[in-house]
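The block underneath contains the structure these notes are about, expressed in structure tokens.
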Amino acid sequence: MRKIASCFGLSKAKNIPGFEKHSILASETAFNVNGVEALYILFEQLSSSIIDDGLIHKEEFLLALFDCSKKKNLLAERLFDLFDFKRNGVIEFGDFVRSLSIFHPNAPQADKIAFAFKLYDLRQTGYIEREELKEMVLATLNESELFLSDDVVEAIVDKTLQEADLKGDGKIDPEEWKELVAKYPSLIKNMTLPYLREITIAFPSFVMETEVSDADLVY
């Protein structure tokens, strides 16, 4: 989740499926109308990078996340699933704007906490279970190019679950997640992308990177 890079050239405007008025999206998100217009240009680039149909397919999303690389990553695939509101394998423009709005500096913290919980809830059970926590720890370490022994990873998972699982039922529910984030705010630092505030200035040199350094990661 470290990068979404602008790998592609500008494409000319076209009608896109599920298009929503920029003013409506601005009223429902943390972006102003100019910001939504900048995102529309970015969306056009991404949605035409492989299949020019006005929709972002998973391959296009992963290509952008990995700076034109074909590398696979659980974090990226999970992000795609969350951006894909209709669960139909593609991201429409409105979904794209609403999802990115969560990463805006002005977005409510509660939205960021809830989104991060869904990111970890891989099987969509409403809880973060031990195996899911381990998978996400490994994915985060891999994304950060950090490699730890199995024993160390198991210790991180056990310590996190022990601290977060206040009810002692072997899993983390949304309320317990909120408590954990309150204690370790760095857990959601990568849910804020500062340049979304000035996207009209940053674009087209549009790059997303987490604010938190590898040394500040808390699992």
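Placement of Cβ uses the backbone N, Cα and C atoms for every residue, glycine included.
TrEMBL: automatically predicted annotations, no manual curation.
Given the structure is predicted, the values throughout are model-derived calculations rather than measurements.
Mean model confidence of the domain 'EF-hand' (71-106) amounts to 92 (pLDDT, 0 to 100 scale). What TrEMBL lists as domain 'EF-hand' is 71-106 (among others).
Per TrEMBL, the feature domain 'EF-hand' maps to 108-143 (among others). Below 8 angstroms of C-beta separation, residues 1-2, 73-75, 78-79, 82, 102, 153-154, 156-157, 160-161, 170-174, 177-178, 181, 187-188, 191-192, 217, 219 of the same chain, each at least six residues beyond the ends of the domain 'EF-hand' (108-143), sit close to that stretch.
The DSSP breakdown of the domain 'EF-hand' (152-187), given as helix, strand and coil counts, is 26 helix, 2 strand, 8 coil. What TrEMBL records for 152-187 (among others) is domain 'EF-hand'.
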